[in-house]
Amino acid sequence: MADTKGALRKRRRKEYLTAYLFLLPWFVGLIAITAGPLLTSLYLSFTDYSLIGDSQWVGFDNYTRMFQDDPRFIKALTNTAIYVFVSVPLQLAFALALAMVLDRGVSGLPIYRSVYYLPSLLGSSVAIAILWRQIFGADGLVNEFLGIFGIEGMGWVSHPDTALGTLIILNVWTFGSPMVIFLAGLRQIPTSYYEAASLDGASKARQFFSITLPLLSPIIFFNLILQLINAFQSFTQAFVISGGNGSPADSTLLYTMHVYQKGFNSFEMGYASAMAWVLVLIIAALTGVNFLMSKYWVFYSDK
């Protein structure tokens, strides 16, 4: 009996060792690629580290500098807030509306699903950003279309009042990913619920607000969190469309672009690290608030 227990323990240790060996590459990658740089940037955020000079410990000076001595930081934060809180709701609303249309049994659904998903794959690419700049340029397709109706066009990406709007439209255009997730959620709602509601005389609007939205609320919540995080980290589109400087008049200066400029144009890596960690805190705070508020509007069928 003792020999049997000893053999079991030996085999279990061997299995554990094998499992840890398989997990070792992941742990090495986590430490080297993720945890290491994160901790290093956190340390650098409390220094005046620069690529062209020595560094000293400055405590919270980088963090206070953002709000007291860097007007472009406030501008970047404001632009990003507008960009996120306008584009994400519009993107989710458009994705849900299109998912509901496709859920009506449209023929060729796999083709439509693939086509509509493409913008999510291509939207953050340099090629699409260049194409977007051409479409909304002074001689672009948008102005050509407006000219058909006798409307005088403008340089949409070169005007301070409309440049940020073109970035918002581009983010809304990448609706494919949340749309596919919404469509999968809609397919999970039993049709018997709608049949029973119709028998009770419920209108389509009543069915939407009483059946579809409550049962789809966990997926709406998931998409909301995911798209908020993605929007706060947007960089490529604004960088390419603005020429890398947030022009015109800093109207397209997003937060991540300002971090990039400070880190790789001005070589103020310590200050850039501090701004990056402020962004982490902003995203974490908004995510936490959303989780706290979710208990008031997210419905889970198993509760």
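Cβ atoms are placed via backbone N, Cα and C, with glycine included.
A quick note: this is a predicted structure, and the numbers were derived from the prediction, not measured.
The feature transmembrane segment is assigned by TrEMBL to 20-44, 81-102, 114-135, 163-186, 207-229, 274-293. TrEMBL lists 77-290 with the feature domain 'ABC transmembrane type-1'.
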| query | Who are the long-range neighbours of the transmembrane segment (163-186) in its own chain, taking Cβ under 8 Å and residues 6 or more past its ends? | reply | 79, 82-83, 86-88, 90-92, 94-96, 98-100, 102-103, 113, 116-121, 123-124, 128-129, 132, 136, 156-157, 212, 215-216, 218-220, 222-223, 226-227, 231, 234, 237-238, 241-242, 247-248, 251-252, 254
| field | For the transmembrane segment (274-293), sequence-distant contacts whose Cβ falls under 8 Å of one of its Cβ atoms, 6 or more beyond its ends | value | 41-42, 45-46, 62-63, 66, 73, 221, 224-225, 228-229, 232-233, 255-256, 258-259, 262
